[in-house]
Amino acid sequence: MSSIIEQSTLSTPSVTNFDVNTLTESLKYFGTADYAVFVAMLACSTLVGLYFGYKDHLTKKKNKKLGLQTSADDYLVGGRKMKVVPIALSLVASYASGITLLGTSTEIYLYGTQYCFFLFAIVCSAFIIHFIVIPVFYELKITSTNEYLEARFNKKLRVMGSVSFLVAIILYLPIVIYVPALAFNQFTGINIHVITPISMFICIFYTSLGGIKAVVWTDVLQITLMYGTLLLIAIKGTLSIGGLGVLIERNIDGGRFESADFRIDPTLRHTFWTLTIGGTIWWTSINGTSQASIQRYLSVKNLKNSQKTHILFTIGVIVLISLCIYNGLLLFAMYHDCDPLTTKLAKAKDQLLPLLAMETLKDYPGLSGLFISGVFSAALSSASTVLNSMAAVVLYDVFNAFRSTPLSKRGTEIVMRGTVIIAGIVSVLLVYVVENLGAVLQLSMSIPPAVGGPMLGVFIIGIMLPWIGARATFYATICSCVVTFSIIMKAQIEIMSKRFNFPSKETSVDGCSYNFTFNPPEIHETIKADYEQNQIYHISYLYYILVGSTLVIIISVILSLFMGFQDPRSVDRKLIAPFMRRHIHFEPVSTEETKDEDETVVKVYEKQVFDTQKT
């Protein structure tokens with residue numbers, strides 16, 4: 001059957017001999033008003049950078065007259081005086097990349113509403129971050145999360161954390177700017193290699209010039225656009241299909257509404273357990289130990305404000321994901337009888353939501369531009385966040401960590417801004433690689449959980465298990481990275497070879513009103529014997545970080561049986577979770593620091609601010 005090419009010529013009285021290519025071209029309408037809206041968004045982002053860059057210049061002049069120095073904290077954490085609401089909105093914007101906006105709706109369209117249970121994971125993770133993670137990091141007053149690793153363990157683990165973060169971000173950035181460029185290309189036909197350098201240049205400009213203040217306030221503008229865009233599509237699309245009742249009816253008939261799947265099989269892609277248990281660990285890793293998130297939690301003036309920020313962020317993310325889920329249901333209601341992926345009206349899965357926007361907004365000048373601005377805002381906010389975070393990691397964990405004295409004021413500025421510029425340029429160049437080599441795209445999806453899982457395990461040990469020392473943790477982390485990376489890469493290879501996949505729900509082309517060529521999909525035989533044996537690499541992607549972190553904890557405990565456990569009283573109480581402190585009788589804090597990377601001895605952390613921050 002796979003060798004047969006069937007021609008479908010379904011048409012309505014109003015459409016005659018109208019093929020899919022003609023329809024695709026007719027939808028590519030991006031008028032003057034749309035371009036004006038898009039350019040205005042980019043211009044506003046640029047002006048925000050100029051404004052805060054100018055304010056930073058005035059502050060430096062004022063401090064120079066007073067004989068004061070401008071701290072790197074002003075650039076990286078806003079002098080720890082940022083407001084709660086802007087930081088919370090910035091966190092939401094940072095999470096809401098173009099991948100999230102486009103991918104979540106596609107997930108619902110193809111696989112149904114089982115993904116909704118991920119919202120429970122966000123709530124569960126919020127309690128962990130709110131009561132355990134934020135109090136520890138805020139009390140330490142650090143800038144880079146990897147500083148914690150050296151204070152609790154040793155420099156080896158700090159270097160490991162820094163390298164894993166930088167590698168993951170370099171592989172992540174090209175995807176962030178590539179996905180919205182695809183949507184822009186779908187609307188306008190403009191080559192992605194024209195728009196990606198322009199958008200990244202603007203991102204580099206306001207991030208390097210204005211620091212975290214520019215990033216945060218640009219994020220506020222951009223998240224407003226994102227919410228507005230998603231609401232606009234939801235309202236206009238619902239009206240276009242005939243109302244909410246039609247949406248519900250079509251999704252029920254199409255099997256998109258699902259009850260909780262309580263099967264415990266870990267090889268199932270999405271079940272209640274994978275989404276709640278695996279999702280909780282995954283979300284804790286992404287927002288509880290990542291540099292990008294912690295850097296913002298620490299930029300407000302006190303712990304109470306930091307926790308308020310996290311609460312608002314959690315609410316904001318839930319609202320955002322809920323809007324994306326609704327638009328996924330809207331996608332199916334719109335295309336329930338004419339699947340754009342089958343007809344090739346949409347060339348890729350991530351083009352489904354842009355296609356919906358093109359069809360519903362084309363008659364209203366400027367609204368298509370608003371949609372593209374929202375998608376690009378998501379990309380710019382995520383990119384600027386990770387660029388600013390990279391500047392913090394490179395400054396504190398690469399330069400100052402290996403110097404007897406911190407960099408000079410001028411050297412600090414060069415390193416921070418130079419990191420932003422170089423990382424931005426590299427990400428634009430890697431877009432070419434991502435576009436042409438699918439293997440690199442798979443690699444970029446594999447590296448973050450491969451290193452994120454083990455590093456989450458390290459932080460869990462540091463905060464929750466003061467009996468485990470540095471040496472056992474270091475070797476356990478290496479073992480976990482090797483095992484986790486092997487599992488993930490094997491799974492990605494199987495997915496690329498079409499031997500291991502997750503079937504989507506049924507779609508139909510019976511109601512299409514245009515001509516298209518239907519190519520029945522090739523049948524790829526899955527090695528059923530292997531699949532039925534539930535090989536370890538068949539586990540759900542949401543369990544990757546859980547596996548990595550669990551391996552670190554188990555292996556470190558086993559190694560400690562041979563290497564010896566650490567006396568928990570030798571660990572500074574500030575380095576462990578507040579609720580754990582009452583169960584341990586701590587020794588008086590010593591002013592001396594002990595360093596021995598080959599022994600399970602922890603450096604005592606007494607000062608609120610590391611010496612490397614005195615720039």
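Just so you know, glycine gets a Cβ as well, placed from its N, Cα and C.
The transmembrane segment annotation in TrEMBL covers 35-54 (among others). Within its own chain, the transmembrane segment (35-54) is flanked in space by residues 198-199, 202-203, 205-207, 209-211, 213-214, 217-218, 221-222, 225, 366, 369-370, 372-373, 376-377, 380, which lie at least six positions past its ends and keep a Cβ under 8 Å from the stretch.
For the transmembrane segment (84-105), the residues of the chain that approach it from at least six positions outside its boundaries are 115, 175-176, 179-180, 183, 215-217, 219-220, 222-224, 226, 229-230, 286-287, 292-293, 296-297, 299-300, 305, 308-310, 312-313, 316-317, 320-321, 324-325, 327-328, 330-331, 349-354, 374-379, 381-382, 385, judged by C-beta separation under 8 angstroms. What TrEMBL lists as transmembrane segment is 84-105 (among others).
Panel annotation: around the transmembrane segment (159-184), residues 97-99, 102, 144-146, 149, 190, 192, 195-196, 199-200, 290-291, 348, 350-351, 353-354, 372, 375-376, 378-379, 382-383, 386-387, 389-390, 393-394, 397-398, 401, 423-424, 426-428, 430-431, 433-435, 441, 443-444, 447-448, 451-452, 454-455, 458, 474, 477, 481 of the same chain, lying at least six beyond its termini, place a Cβ under 8 Å from a Cβ of the stretch. Annotated transmembrane segment per TrEMBL: 159-184 (among others), in sequence order.
Proximity of distant same-chain residues to the transmembrane segment (190-212), defined by a Cβ-Cβ separation under 8 Å and at least 6 residues beyond the stretch ends, is recorded for 42, 45-46, 48-53, 56, 74-78, 82, 177-178, 180-182, 184, 218, 295-296, 299, 376, 379-380, 383-384, 387-388, 416-417, 420-421, 424-425, 427-428, 431-432, 435. Annotation comment: TrEMBL describes 190-212 (among others) as transmembrane segment.
According to TrEMBL, the transmembrane segment annotation covers 224-248 (among others). Sequence-distant contacts of the transmembrane segment (224-248) (same chain, at least 6 residues past either end, Cβ-Cβ under 8 Å): 41, 89, 93, 96, 101, 257, 319-320, 323-324, 326-327, 329-330, 333-334, 353, 356-357, 359-361, 367, 370-371, 373-375, 377-378.
Residues or ranges marked as transmembrane segment by TrEMBL: 268-290 (among others).
Listed by sequence, the residues of this chain that lie at least six past the ends of the transmembrane segment (311-335) yet keep a Cβ under 8 A from its Cβ atoms are 84-85, 88-89, 91-92, 95-96, 100-101, 104-109, 113, 115-116, 118-119, 122-123, 126, 130, 223, 226-227, 230-231, 233-234, 237-238, 240-241, 246-247, 250-251, 254, 256, 287, 352-353, 356, 359, 507. Annotated transmembrane segment per TrEMBL: 311-335 (among others), in sequence order.
Residues 30, 34, 37-38, 40-42, 45, 72, 75-76, 90, 93-98, 100-102, 143-144, 146-147, 150, 155, 158-159, 161-162, 165-166, 169, 172-173, 176-177, 179-180, 183-184, 187, 199-200, 202-204, 206-208, 211-212, 214-215, 218-219, 221-223, 225-226, 228-230, 232-233, 290-292, 295, 354, 357, 361, 411-412, 415-417, 419-420, 423-424, 427, 610, 612-613, 615 of the same chain, all 6+ positions outside the transmembrane segment (370-402), place their C-beta atoms under 8 angstroms from a C-beta of that stretch. Annotated transmembrane segment per TrEMBL: 370-402 (among others), in sequence order.
Feature annotation from TrEMBL assigns transmembrane segment to 414-434 (among others).
Positions annotated as transmembrane segment by TrEMBL: 446-465 (among others).
Annotation source TrEMBL lists transmembrane segment at 472-493 (among others).
According to TrEMBL, the transmembrane segment annotation covers 541-565 (among others).
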For the transmembrane segment (414-434), sequence-distant contacts whose Cβ falls under 8 Å of one of its Cβ atoms, 6 or more beyond its ends: 72, 75-76, 169-171, 173-178, 181, 192-193, 196-197, 200-201, 203-204, 207-209, 211, 383, 387-388, 390-392, 394-395, 399, 407, 440-441, 444
